[in-house]
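Engineer: Heads up, here are the entries from Swiss-Prot:
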COMPBIAS  51-65  compositional bias 'Basic residues'
DOMAIN    154-259  domain 'CBM21'
MOD_RES   Ser16  phosphoserine
MOD_RES   Ser33  phosphoserine
MOD_RES   Ser66  phosphoserine
REGION    28-87  region 'Disordered'
REGION    176-198  region 'Glycogen-binding motif'
REGION    248-256  region 'Substrate-binding motif'
MOTIF     87-90  motif 'PP1-binding motif'
Amino acid sequence: MSPERPPRTDIPRNLSFIAALTERAYYRSQRPSLEEESEEEPGEGGTRPGARSRAHVPGRGRRARSAPAGGGGARTARSRSPDTRKRVRFADALGLELAVVRRFRPGEPPRVPRHVQVQLQRDALRHFAPCPPRARGLQEARVALEPALEPGFAARLQAQRICLERADAGPLGVAGSARVLDLAYEKRVSVRWSADGWRSLRESPASYAGPAPSPPRADRFAFRLPAPPVGGTLLFALRYRVTGREFWDNNGGRDYALLGPEHPAGAGAAEPQGWIHFI
């Protein structure tokens, strides 16, 4: 005689299983093409309700809906929960305007609100750093040499055969001219100069610029040199070669000197901010 079967006391469907059924029903309604999953009905042998009848997949264990293994199923369930979906709302759905369009006529400039004008006037000086003192460039620090205006220039020219007429420094360099006695038709005039105190030197030729006013009878030659170095001095002397002879004008042995600017032109700190126009 078989022992009497104990009365069935387990709950046929617990709360987690019911939640899983509700979730699956929701996604089936949203995606009808989702693969349907069949479930076995409770049998005589005490088969646990809710076990899936899906085909056996090698390497994949079967687990109950009410107890996900490893927490992975719980994360999947949470990610599929309809309560955690992100929603996008547009401004027009909330009664707001998507864009604000303002049209202005050419003859009617827009009105700037009073509070904007007050703010601009109050912050006008705070928005910009104080202007640095304007750098002294070559044109502003113009250094000119005009020996032709000095007394005794004609006597010096007669004695030296060559004299500096003028020389001035500009933003593009040094421009000058020299007078030489007209001793022969063929003559060569050049300028020897240095920007490092004669540690190195170069020589630039001068070009014929026409006859000079007399007396004495002389010709004028023009020349151009680089600008004096910043914070330094450009030294130069004149050289005249004619009929196999050579004459110099080196300012009585002191050389001619043109001073360079103390700071490079346009130097100074850049403006931290630019103008901002408000409409």
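The backbone N, Cα and C atoms fix where each Cβ goes, and this holds for glycine too.
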Engineer: Taking a Cβ cut-off under 8 Å, which residues six or more beyond the ends of the motif 'PP1-binding motif' (87-90) line up next to it in the same chain?
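Structural biologist: Distant contacts of the motif 'PP1-binding motif' (87-90): 98.
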Engineer: Restricting to the same chain and to residues at least six past its boundaries, which positions have a Cβ under 8 Å from a Cβ of the region 'Substrate-binding motif' (248-256)?
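Structural biologist: Cβ under 8 Å, 6 or more out: 145, 160, 162-164, 167, 178, 235-240.
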Engineer: What are the DSSP helix/strand/coil residue counts across the region 'Substrate-binding motif' (248-256)?
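Structural biologist: Secondary-structure breakdown of the region 'Substrate-binding motif' (248-256): 0 helix, 3 strand, 6 coil.
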Engineer: So how many of the residues in the motif 'PP1-binding motif' (87-90) end up helix, strand or coil by DSSP?
Structural biologist: 0 helix, 0 strand, 4 coil
